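Report on the following structure.
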Amino acid sequence: MLCGKAWITDPFFSPAFSNTSCFAGYYQYYCSYVERLAVNLSYIYINSLILLLQVTGVTCNGTIIYMFYRAKHLYKNAALRLLLFVAISDLMHASSTLPYTIYLTTFTITSPIDLDPHYIMFSSTPLPFQLKLKLTLTAAIALQRTLALSLPVLYRKLSSSFYATMSLLIGILLGCVDLFLEFALSPIMRSPNCATMGCFVSDQFLYYWGMSNMVIGLFIIVFTITILFKLRSIQNRSKSLRTRAEIETNRFSQANLTSAGMLLSSLLFITVPSVGVGFFEMIGYSIFRRLGPFYLVGLLCAGTCNGIVYVMLNRDMRGLFKSFFSSASASSTNLFQSSVNK
């Protein structure tokens, strides 16, 4: 049963006809009301998940930043400065993409889907910017931990504060370059039946974006594997030898463990997808129409997981987190007792 004509420009890659039971995509028609409803429901589910991840990301990373503010010794620890910058960028990204996500959720409920290209292009600017900034900071963390484990003498000569600041500035610069190229290479035009930013940018930008992210992603993968092997060898050595020097390096090991946890979460949700997108763009396959806003989901998942990993693997942060709850519980108990005594 034909339900209505679809507004599409590239029927083969149109998400409205992905995995359907007929050839409607080739004839520019919907097969049935059920299939059209299924497409809209999939967008609603994805956008609802994104909204949930945004709220969770703001909560987790906001808690991390508050802990740095309350515990001055954490802020003064230059080795943790990069991790603080990551938490700040994750918080800003989760909050700044809320208008974009709310718009997608609101206007993909009914068919046909025909989003405003101007609003999509401008409201989605935090996405390419944050992706490049996140990859740059992750690569900087991976390089810093590799130096700490492989070349400790060179690492001690390196100013951690200066290194973190320069990494942040380089990430911001590369993010601005991506935004400039996005608008320079992509004419603002409609892309019916597609509800993701990747459908509104040009193939030239997608190719550059995918390739540049893939290069940084491969760099992160190589150094993350190196870090994991080094940590494994250190763990095996510490089991057989317990010296005073080994005990004094516990804090150093904590920093390595925290960084490794954050690298693994970024590897799973950002780096590997970035390498995959770069590969598909190389062979001329547009993955955005098939999978939708997967980059945004990956960034938000990584931001949420980083906040959890930070508290779970860092001993100082874990103790501080527990002290907040214990102090809050003690204050509420005292308040209750004082009210009873009255």
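Residue 1 is the first one shown; counting continues down the chain.
Glycine residues also receive a Cβ, built from the backbone N, Cα and C atoms like all the rest.
Any TrEMBL annotation is an automated prediction that lacks curation.
Since this is a predicted model, take the numbers as computed values, not measurements.
Marked as transmembrane segment by TrEMBL: 43-68 (among others). For the transmembrane segment (43-68), same-chain residues at least 6 beyond its ends with a Cβ under 8 Å from one of its own Cβ atoms are 74-75, 84, 87-88, 90-91, 93-95, 97-98, 101-102, 104-105, 108-109, 113, 195, 292-293, 296-297, 300-301, 303-304, 306-308, 310-311, 317, 320-321, 324.
Annotation comment: TrEMBL describes 60-310 as domain 'G-protein coupled receptors family 1 profile'. Taking the domain 'G-protein coupled receptors family 1 profile' (60-310) as a whole, pLDDT averages 82 in the prediction.
Residues annotated as transmembrane segment in TrEMBL: 80-102 (among others).
Beyond its flanks by at least six residues, the transmembrane segment (162-185) meets 78, 81-82, 85, 89, 121, 125, 128-137, 140, 144, 201-202, 204-205, 208-209, 212 of its own chain at Cβ-Cβ distances under 8 Å. The transmembrane segment annotation in TrEMBL covers 162-185 (among others).
TrEMBL lists 205-229 (among others) with the feature transmembrane segment. With a threshold of 8 Å between CB atoms, the same-chain residues lying at least 6 positions outside the transmembrane segment (205-229) that come near it are 128, 131-132, 135-136, 138-139, 142-143, 145-146, 149-150, 178, 181-182, 185-186, 198, 256, 259-260, 263-264, 266-267, 270-272, 274-275, 277-282, 286, 288.
Feature annotation from TrEMBL assigns transmembrane segment to 261-288 (among others).
Taken from TrEMBL, the feature transmembrane segment applies to 294-313 (among others). Same-chain neighbours of the transmembrane segment (294-313): 46, 49-50, 53-54, 56-57, 60-61, 63-64, 83, 86-87, 90-91, 93-94, 97, 101, 127, 130-131, 134, 197-198, 254, 257-258, 261-262, 265-266, 268-270, 273, 277, 287-288, 321, counting only residues six or more beyond its ends whose CB sits under 8 Å from a CB of the stretch.
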Near the transmembrane segment (80-102), which residues from the same chain, at least 6 beyond its ends, have a CB less than 8 A from one of its CBs?
47, 50-51, 53-54, 57-58, 61-62, 64-65, 68, 74, 120, 123-124, 126-127, 130, 133-134, 137-138, 140-141, 144, 160-161, 163-165, 167-168, 171, 197, 255, 258-259, 262, 296, 299-300, 302-303, 306-307, 310
